[in-house]
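Chemist: The Mg(2+) binding site annotation in Swiss-Prot covers Glu81, Glu85. Summarising the annotation, Swiss-Prot assigns domain 'Nudix hydrolase' to 28-157 and lists sequence analysis as the type of evidence. The motif 'Nudix box' annotation in Swiss-Prot covers 65-87.
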Amino acid sequence: MEEWDLLNENRELTGKTHIRGEKLAPGELHLVIHVCIFNEKGQLLIQKRQKDKEGWPNYWDLSAAGSALKGETSQQAAEREVQEELGIMIDLSGTRAKFSYHFEEGFDDYWFITKDVQLSDLTLQKEEVADARFVTKEELEALRSSGEFIPYFFLNQLFNLKNATTIHF
């Protein structure tokens, strides 16, 4: 049973929690994270979701993703999801999420890191992750164009966002 903290529109804890799978009431919001891991060559680590996964089964996705559990910060959730799904440890101390997207049911923080990871270092979570690989910007675009990658609206800017230090290019 997965339990989430509920937030208000200002991203403040409400003191209430929610059980995953139950319908959120209007105005109830929760925190989701995505992690984008780039290697030293500038390639993005992506994962293929299991064929029986709820929501986007058998699609390629970003490095790791999930909901923050009760009591977790965005950083803690990001570190935990990477460890659970990919079997590697990351330390996001001293960093901030690259950006946060506000969606109908909450807030989605996107973390970007560069880490020298080898595919042989990964231990994939069998229940959620079918495969993992590194891709270039061009390979990611090909997966998006073929309908094999979850169609995030910002996908064509992902590699630009990786190096961005301001809101301007």
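Glycine is no exception: its Cβ is also placed from the backbone N, Cα and C atoms.
Keep in mind it's a predicted model, so treat the numbers as computed, not measured.
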Chemist: Within the chain of Glu81 (Mg(2+) binding site), which residues six or more apart in sequence place their C-beta under 8 angstroms from its C-beta?
Modeler: Ile33, Val35, Ala64, Ala65, Gly66
Chemist: Neighbour count, 10 Å Cβ-Cβ cut-off, for Glu85 (Mg(2+) binding site): what number do you get?
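Modeler: Around Glu85 (Mg(2+) binding site), other Cβ atoms within 10 Å: 24.
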Chemist: For the motif 'Nudix box' (65-87), what is the mean per-residue pLDDT, to the nearest integer?
Modeler: 99
